[in-house]
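Let me begin by presenting the structure, written as structure tokens, before commenting on it.
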Amino acid sequence: PNGVDASPSASPPPAPATRAPVASVASAVRDNKSAAPRGWSHAPTSITAAWLLFSLPLVAWDTGYVLLRPWTMPGGHLHWPLWVPYALYGQVDYVYGWKAFEARNGFTSAQGALNLVETLMYLAYVWLYLSRGQSVGGPAGAKKTVGGRAGALAVVIGFSAAVMTLSKTVLYWANEYFSGFDNIGHNTMTDLIMMWIIPNGAWLVGSGYMVLSLGGEIVDGLALASKTTKTE
């Protein structure tokens with residue numbers, strides 16, 4: 001009656017819900033996936049990767065020959081074609097030939113069994129890196145690293161395997177020295193260098209590098225953890 005509208009005032013319509021652009025969401029997902037593991041992380045060096053790529057197939061080949069003797073030796077039904085080169089190498093190093101086998105020398109099979117253990121450890125190291133690693137971006141492009149417990153476990157396994165390989169190779173050389181070069185002393189110096197020293201020396205260098213590289217990471221990680229604990 002006073003000319004004033006007594007009806008309740010209409011509330012303004014609610015603002016439409018805003019959605020993040022699809023491109024922004026996708027970018028965030030990519031950034032989250034490519035984020036580097038917080039704190040310490042590990043990635044094999046290019047030398048370590050190359051060494052494993054080179055050595056693991058050869059060790060598997062060698063282990064198969066040793067553990068499947070005498071079938072893989074000359075005259076055995078598994079000798080041709082995969083293990084034919086061992087007919088020559090068994091004459092260079094009697095540890096791999098008929099002399100050691102007929103004498104029931106257990107050193108050959110013992111080191112072959114350890115080769116199998118080491119290979120499984122190296123494969124576990126590679127598997128942890130490939131399956132648990134995350135790709136991170138950088139100036140040189142994407143690179144995979146593995147952190148946390150999986151990364152620590154990978155480094156410990158890889159380091160332990162490398163120590164085993166290095167120790168076993170040193171033992172192999174020491175066995176010849178302390179036996180008066182009983183298994184290789186019949187070779188000419190040229191054959192000895194080309195067929196025994198260089199091939200076996202490669203395992204000293206490769207495994208020695210991994211021991212220094214991975215061992216250095218373990219020491220650095222422990223030092224970082226100790227420093228963080230003191231700071232807190």
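Glycine is treated like the rest: Cβ placed from N, Cα and C.
TrEMBL labels come from automatic prediction, so no person has curated them.
Bear in mind that the values here come from a model prediction, so they are computed numbers and not experimental data.
Among the features that TrEMBL reports, transmembrane segment is placed at 49-68, 80-98, 110-130, 151-173, 193-212.
Count of Cβ pairs under 8 Å against the transmembrane segment (110-130): among 49-68, 80-98, 151-173, the largest is for 151-173. With pairs at least 6 apart in sequence, the transmembrane segment (80-98) and the transmembrane segment (151-173) have fewer than 3 Cβ pairs within the 8 Å limit; the two do not touch. Listed as Cβ neighbours of the transmembrane segment (49-68) (distance under 8 Å, sequence separation of 6 or more from its ends, same chain) are residues 78, 82-83, 86, 96, 108-109, 111-113, 115-116, 118-119, 122-123, 126, 202-203, 206, 209-210.
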